[in-house]
Ligand SMILES: *[C@@H]1O[C@H](CO)[C@@H](O)[C@H](O)[C@H]1NC(C)=O
Ligand SMILES: *[C@@H]1O[C@H](CO)[C@@H](O)[C@H](O)[C@H]1NC(C)=O
Ligand SMILES: *[C@@H]1O[C@H](CO)[C@@H](O)[C@H](O)[C@H]1NC(C)=O
Ligand SMILES: *[C@@H]1O[C@H](CO)[C@@H](O)[C@H](O)[C@H]1NC(C)=O
Ligand SMILES: *[C@@H]1O[C@H](CO)[C@@H](O)[C@H](O)[C@H]1NC(C)=O
Ligand SMILES: *[C@@H]1O[C@H](CO)[C@@H](O)[C@H](O)[C@H]1NC(C)=O
Ligand SMILES: *[C@@H]1O[C@H](CO)[C@@H](O)[C@H](O)[C@H]1NC(C)=O
């Protein structure tokens, strides 16, 4: 970093501020120049220096100034221009690149959530290593010169499975999440008792980058409106983090939201998107906080997607117009998202009426899912430039993508063939069907098996009268695919067969609801199925650990005989497919990032070298390509692609392929007209 010194010294001196009761600020006073000089110093020495540097000057402080209506950092008026980045949606190898790009855009802070269910997948089993090393992420942000606005939940929404709450909370069937329910409180206390002491050293006043910490998230949009719960969390955070830390809440910019979302002792902030009447939105904040800094904690740069709904976009023009208005008012702002990233594996959430979010969380943000610079990025930078000095120097370039081309796939076993290998824990029998949680499985797929109790010589409706297929089920009779049941959409398939025929129902958890009162989202067959007028009973259930089977390479070739039974045209038995490709020689800088595309495939899950890339569903859209980060690819061995196709692979008559391309497609025409409740910037709760 040859130009660090230069850049640091190019900053204006930290003069006083103009304006009455307003925070019109210069870019990152003092702190930044110190940080910049430290950029070239190795990580270990950094902390020492910070502590040393601190002991030389005034103590580090960060607070709300109710007189001047602004934040105060080290005694000086301060305004943040921040961007959201979720470390859990970005490969660790790219954290630094993305943070640097954010810094170079002119941001002086970032905002991140901490998803509880990502770090405590089973009760008491914590994981903060590798991709989950949130402390390392905080250290990187600080090293780059970014402050941090931390949102540790316990509930985070975030279009993340169950809004970040661990599914194992549902082992108490009637638990009232996000309330004073003693079992919920006990679990949340235990988690926060682990997490908060870990982040305490990273608070600004303790030498770290964290300036503010959010308590809960948009609590005013939740039906419970339990002030005792908010008060409990407030006390807990205060006790764990100390009396100086600025704790805040965030709610929709309406007095109605703030009613149940804000309490004494937590600084109330709002969120709203482009096109909103900015002064009216801040009037709502003023209703709860007559004095103090104006803060938009989520200013939407784009918006979320759902399978089956059109890809959301927000124009740069609309965005920068509102951003300019916000900054002109001296308000603090966090751009949500600055980079969205990816819901790898099974981590996506869903909204009501049930609609799951896709694998990509691109969000039409200024940095794409893959971290690419966009026209929106530069448009934002231009606006920030009018208010704050922005850093000089090169912006890390967009990382190159490579089109590895088509990979021929061959069929492996079907899920039914491979059942023993997939079901590590064996079978569970029960008169009535059990849910995922009752079977001790959080994510993925479970196979439910029973038999036809009667002769069905004519098509007989097999139904879920209470809409209890959560979320999608692939129905087979004697190994023949006969149809699909889908939550809210298809509650009946017709079956024929003799009494005693085997009925297999592969149920997919497509992601738990993350917003509203439906977050107690049980998965699997959550109510009885009927055949004609009879309730189906006598179930055998197989928990499937497909990820482990893929990783261990357990899935075998399909046996040559017997031939597949003739299938009705629309479906085939859910099955695995595999193929491999080699990174070409002689091209510099390979492997590079790429996108996988599955033309003519329908719906399923894809792994590369055992890494779960996520769900694909081009048959519904709008997402067509899945982001494949280079770090999971190998130059030392062929790269293995494994696909679980749930409906029908295009492999019957011709050799079938998947394709690696250099260009993402997230906005294909959707094959559905399912209405979503969360329209652009609208967060109505279904009370
Ligand atoms: C913790 O999470 C990381 C993902 O970054 C994973 O590689 C590792 O296996 C996990 N550790 C345990 C003990 O599950
Ligand atoms: C925006 O809201 C303010 C009230 O805060 C109101 O005075 C103003 O007329 C509104 N502007 C527009 C364009 O609706
Ligand atoms: C089903 O039909 C067969 C004749 O095809 C008959 O033998 C059998 O008893 C029937 N079973 C039931 C349960 O009705
Ligand atoms: C099932 O069959 C009945 C009678 O043939 C038909 O009316 C109905 O539409 C079918 N239902 C489905 C879901 O295919
Ligand atoms: C299925 O029905 C039985 C009998 O009515 C009932 O006891 C049971 O709770 C139901 N199971 C589910 C999962 O709804
Ligand atoms: C792909 O699978 C083959 C065969 O199991 C194995 O030899 C190879 O190491 C795998 N490739 C990677 C990158 O793991
Ligand atoms: C998708 O986005 C690209 C790039 O912005 C655009 O060229 C294309 O027309 C869009 N396609 C659809 C179907 O909207």
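Each Cβ is built from the backbone N, Cα and C atoms, and glycine gets one as well.
Small disclaimer: the values here were computed from a predicted structure and weren't measured.
What TrEMBL lists as active site, proton donor is 218. A C-beta separation below 8 Å, combined with a sequence spacing of at least six in one chain, links residue 218 (active site, proton donor) to 157, 250, 251, 252, 257, 261, 271, 683.
The annotation active site, nucleophile is assigned in TrEMBL to 298. Long-range C-beta contacts of residue 298 (active site, nucleophile), restricted to its own chain and to partners at least six residues apart, with a cutoff below 8 Å, comprise 84, 250, 271, 272, 334, 336.
Annotated domain 'Glycoside hydrolase 35 catalytic' per TrEMBL: 71-386, in sequence order.
DSSP places the residues of the domain 'Beta-galactosidase 1-like first all-beta' (433-545) in helix, strand and coil in these numbers: 3 helix, 57 strand, 53 coil. Positions annotated as domain 'Beta-galactosidase 1-like first all-beta' by TrEMBL: 433-545.
What TrEMBL records for 574-635 is domain 'Beta-galactosidase galactose-binding'.
Look at TrEMBL and you will find 38-57 tagged as transmembrane segment.
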DSSP-derived structure type at residue 218 (active site, proton donor), helix or strand or else coil = coil
Can you tell me the three-state DSSP label for residue 298 (active site, nucleophile)?
-> strand
